[in-house]
Amino acid sequence: MEVILPPAVSLGETVNLTCQYHLQGEHLYTAKLYKGRHEFLQLVPAKGPNPLKTFPLKGVNIESITLNGTGKTVTGLHVTLRDVNLFSTGLYGCEASAEESFHTQIVRKYMTVIVKPDARPLLSGLRPHYRVGDVTNATCVVKDTFPTANISWFINGDKIANPKFIQSHSERSPSGLLSTISVLNLPLKAHHFRVGRLHAKCVASMLTMHWQSLDVESLEESPTLLAASSHIEDRPTATNLSTIGATKTKSNEPAKGHDKDSPFASLSLNHGQSSTLVAINQGDLIGMLVLVSTRILVQQWPWHSY
């Protein structure tokens, strides 16, 4: 004996339910179809021209019935159920009894009616750049499904199997549908980056059906670039020369060895007992970055128009 019924169908679909039985040469006495404990179809060939009888049942909408064979030699029932809804979910059974021996067989199968999400899982919270040791704190949301969707996480195609990095819960909407929220808090290690890139995605599944989020890419921050960036930010500028002991002075006296009318400034670097004079173009003086640990004295000659 066999019952053919899909394990999962979508809301509103049409479903075919088939019951096939073999009575080993005996005639059929009765065949019945159930949902749970409730009978919704009965076939009794001995009742003559009207052997079929149906019973109203919530969630079971019979569109058509087809028999394999005629009279007491019927070996199967084919029932089409239309517009399945959430009440159509349940355990369906087929029962067949032989006329002579009253030997009875029954087989059951479960069918779930699901509400599929209208859109892909929404993946958010990933930063464009990460370093080894950072924690992802990414969120995946699947809205308005029934039953609750299962969410799996993947980094570079590898499934995150350790549940301690994942926290999931569901929320019920006024319509009775469910939204599933999953958060991935994964401490990143070197192997999570491939050629400096990290690809993350989440996949929602309901029984045999799957929906995948878009693949989100994050780049690994280079420690070398980070160190260079920090070094540049710490450099003194023209606005903070005083913090390293540099002073600007104005003098009408030219420095030794320099033309009074030259459009150059004189930079005097005092290192203990010795001094060095360097001629610097005045237009470049403002943007000059000075990196010294001893006192710097800048003397600027008056500018002459020609």
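Each residue, glycine too, has its Cβ placed from N, Cα and C.
Curation plays no part in TrEMBL annotations; they are all automatic predictions.
Feature annotations, courtesy of TrEMBL:
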- 135-189: domain 'CD80-like immunoglobulin C2-set' (DOMAIN)
- 245-265: region 'Disordered' (REGION)
- 250-262: compositional bias 'Basic and acidic residues' (COMPBIAS)
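Over the domain 'CD80-like immunoglobulin C2-set' (135-189), the average per-residue pLDDT in this prediction is 95. The domain 'CD80-like immunoglobulin C2-set' (135-189): residue composition by secondary structure is 3 helix, 33 strand, 19 coil, according to DSSP.
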